[in-house]
Amino acid sequence: MTIGIISFALANSETTFASDHAPIVSINLFVALLCGCIVIGHLLEENRWMNESITALAIGVCTGVIILLTTGGKSSRLLVFSEDLFFIYLLPPIIFNAGFQVKKKQFFRNFMTIMLFGAVGTLISFCVISIGAIHFFKKMNIGDLTLGDYLAIGAIFSATDSVCTLQVLNQDETPLLYSLVFGEGVVNDATSVVLFNAIQTFDLSHINSTMALQYIGNFLYLFILSTLLGVLAGLLSAYIIRKLYFGRHSTDREVALMMLMAYLSYMLAELFSFSAILTVFFCGIVMSHYTWHNVTKSSRVTTKHAFATLSFVSEIFIFLYVGMDALDIEKWRVISDSPGTLVGVSGILLGLILVGRAAFVFPLSFISNLTRKAPHEKVDFKQQVTVWWAGLMRGAVSMALAYNQFTSLGHTQLRGNAMMITSTISVVLFSTVVFGLMTKPLVRLLLPSPKHLTRTLSSEPSTPKSFIVPLIGNEGEPEADQNNRNARRPTSLRMLLTTPSNTVHYYWRKFDDAFMRPVFGGRGFVPFVPGSPTEQNGHQWQ
């Protein structure tokens, strides 16, 4: 699949080779670089400072220098960046795997806080960065930028990249913190893309309160419909696989159907102009809750590793390309007469990112803590600092949006546009490398040895990601949950007022057990078929 993606990109690429075999040569080089990233990343896995994202960036930059020297300064890359390549081929496996692997209980337990950070927080960051850009950049000689460009800058640099932090955090050791950082990152990406699309769609010459309300309504409309589309796609895949049970003849069909249904949900969202990120994310959640339990045991192992592999390769691909494109001579030539201005613009953007992030993390954490009564459920100051730090890095989404706004087919000759593209590259490189290098030491300093939290905070059964223990044997409910279910409970209204999250979860589980799982399958509700995933010990799943 990766080779197919590269071939698609090369169809529109500028090659530096005059030979008829240029596409084949480029594919070989890029695949070799991907292999190099994987090998070197493995060797540096235990390094205190490095991670795979930084490794891929560094290899990309070094490769760009070599290509730049061998072509006499004409080019520094094997591929030309394409928004279609990113949004249609590389992003879906990353987001789907995120939803497929997430611990659902922790995610939905903290759903309101995640939405506060991911939606409201992104809007606050967008306002801070946009207003700051208008205030500072109009005083600097960076070229002609319109109001739409300034607002686009706010959307571009509101898109976080939490990959480095999530590589350090462990969702078994710090479930609350992991779910906040991870969930906020997904919702943040979706909100940033919706914001960006709204800026390009709305008439910005007549901004008023009606337009603001229209945007809020449009966002809610997109969020709800995108979520429903992902849920429906996941349920449809679960129902088809449960009824037809492909695994009795071929596990390949099960795996292929899961992959294609997930990708179909993403492309349908794109077709209807929904938020494809939210759609494929919730499709992954539903598939892991229902579909994954309807397939054979070998299909579960295969899908888990297949989705994780596609996501991993896509991430490496993106960071490797960003590193190579950082030395694109064309964009740097346009602003070569004012390097000081570039440094100033990049520094201002980094400052606005820091301030914009702090402007919502700490106030919204305070508001969230007011709704949490148990001390271990509150987000303490050290965790707030970690959440703040996790969103300082900028990555592939920012790059894709910047290219969409300021270039035409990857090229630009306008000074203002070139300044913003090179500034975006500078911010992505600096934030990923510098902030990323400091992530591991910072997390270890703020959250030393959090393993004692595992037993008290994480009572969720194994997810598809947990293959250290047997797949089926650990799918049962914890004993504490069974005792709680049998204990007498207060009235529904009293429960809702005192513990809203737990109450919603309690009634959802009752509805899920009574109606959803008997229809769509899932843990404990897949009827016995010889050779099926339930096998003879299906009672263990109850």
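Each residue, glycine too, has its Cβ placed from N, Cα and C.
The annotation domain 'Cation/H+ exchanger transmembrane' is assigned in TrEMBL to 31-444.
What TrEMBL records for 23-44 (among others) is transmembrane segment.
Distant neighbours of the transmembrane segment (56-73): 16, 33, 36-37, 40-41, 315-316, 319-327, 329, 429, 432-433; these residues of the same chain sit at least 6 beyond its ends, with a Cβ under 8 Å from one of its Cβ atoms. The transmembrane segment annotation in TrEMBL covers 56-73 (among others).
TrEMBL lists 85-102 (among others) with the feature transmembrane segment.
The feature transmembrane segment is assigned by TrEMBL to 114-138 (among others).
For 219-241 (among others), the entry in TrEMBL reads transmembrane segment.
The transmembrane segment annotation in TrEMBL covers 262-287 (among others).
Sequence annotations record features per position, and here TrEMBL assigns transmembrane segment to 307-329 (among others).
The transmembrane segment annotation in TrEMBL covers 341-367 (among others).
TrEMBL lists 387-406 (among others) with the feature transmembrane segment. Under 8 Å from some Cβ of the transmembrane segment (387-406) lie the Cβ atoms of residues 53, 81, 83, 86-87, 90-91, 117, 149, 152, 155-157, 159-166, 177, 180-181, 184-185, 188-189, 192-193, 196, 200, 318-319, 322, 353-354, 357-358, 361-362, 365, 379, 412, 417-418, 420-421, 424-425, 427-428, 431-432, 435-436, 439, 442, all in the same chain and six or more residues away from its ends.
Long-range neighbours of the transmembrane segment (418-438) within the same chain, counting only residues 6 or more positions beyond its ends whose Cβ lies under 8 Å from a Cβ of the stretch, are 49-51, 53-54, 57-58, 61, 142-143, 145, 149, 153, 156-157, 161, 164, 319, 322-323, 325-326, 331-332, 334-335, 341-342, 345-346, 349-350, 353, 389, 392-395, 398-399, 402-403, 405-407, 412. For 418-438 (among others), the entry in TrEMBL reads transmembrane segment.
By the Cβ criterion (under 8 Å, sequence separation of 6 or more), the transmembrane segment (307-329) is in contact with the transmembrane segment (85-102), since 3+ such pairs are found. Note on the transmembrane segment (85-102): residues 5, 8-9, 171, 179, 182-183, 186, 189, 262-263, 266-267, 270, 276-277, 280-285, 287-288, 292, 307-308, 310-311, 314-315, 317-318, 396-397, 399-400, 463-465 of its chain, located 6 or more positions outside it, place their CB under 8 angstroms from a CB of the stretch.
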